[in-house]
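K.L.:
So Swiss-Prot lists these for the protein:
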BINDING   GLY153, VAL154, SER155, ARG156, SER157, GLY158, LYS159, THR160  ADP binding site
Amino acid sequence: MLQRSVFFLSDRTGITAETLGHSLLTQFDGIEWKKHYASFLDSAAKVQEIIDRINTIAKQEGQPSLVFSTLLDPVILASVRQADCYLIDFFESCLGVLETALQQSPVRIPGRSHILGQDASYFRRIAAIQYALNSDDGSNSKILADADVILVGVSRSGKTPVCVYLALQYGVLAANYPFTPEDMGVVRLPSLLQPLREKLFGLTLSTSRLQAVRVERYPGSHYASFVECQRELQWQNELYQQFNIPFIDTTGVSIEEISASIINRMRLERRLYGT
């Protein structure tokens, strides 16, 4: 398999460069990426160190490295341009277009999107994360009614990580409720969920995937058997159909896609960054 080195450079956290860069790299198959990260490049010494590293690796591999950048300082950026690399700078390519459209020069302040408490977004995120943790697995029924969305599904179907992601990325108040064997039998909504039906969104997955997840945690148990996983999923999916609960099959789907689908289908408000 072809190998290529790729660098993610930033004068702050590097989250933007990493996220956008990874999204672009997924469009190219058959390449093993050797990833290098450098954040908080805020001095000439740090920048020179990473430039030397880029040049050394390029010489070793006999080809320029790829560099994804969100560097804002034009002097630092100019230095990186001299390295033996293909530079993809997200801010520089976008800021020029925005400057023309808005007829205003950018302030070029690194880390401005991460300034603590600069607006209500920070506090919304913290509150949403705290809510997701407090309401995990239906542990606090008194606050379920406060949810923007309540994820339902059998045990180990991935509800908790999706709730936390919805809170972290969108500021959504996401609770979750696990269907247990005690709920199963007659296909009906648990009494706690009946008045909250409009907030429910279901997660499902393949029997083999659910079994694999459960076996990791409880190997050899009845809980992790194929027959039990199949039985629980069949009951759950019949419930979704009977009560018209929207749901998504999460088998092989990323948490980002699952969350975006929930936001879209439930028409939830994005509470962060003014979106």
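Using N, Cα and C of the backbone, Cβ positions are placed for all residues, glycine too.
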K.L.:
In sequence order, what residues of the same chain, 6+ apart, have a Cβ less than 8 Å from the Cβ of SER155 (ADP binding site)?
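P.N.:
For SER155 (ADP binding site), the qualifying residues are PRO178, PHE179, THR180, ARG214, TYR223, GLU232.
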K.L.:
Minimum Cβ neighbour count within 10 Å among the binding-site residues GLY153, GLY158: which residue?
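P.N.:
Among the binding-site residues GLY153, GLY158, the sparsest Cβ neighbourhood within 10 Å belongs to GLY158.
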K.L.:
Looking only at ARG156, LYS159, which of these binding-site residues has the biggest number of Cβ atoms within 10 Å around its Cβ?
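P.N.:
The largest 10 Å Cβ neighbour count belongs to LYS159.
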K.L.:
For SER157 (ADP binding site), just give me the three-state DSSP call.
P.N.:
coil
K.L.:
Near SER157 (ADP binding site), how many other Cβ atoms are within 10 Å of its Cβ?
P.N.:
24
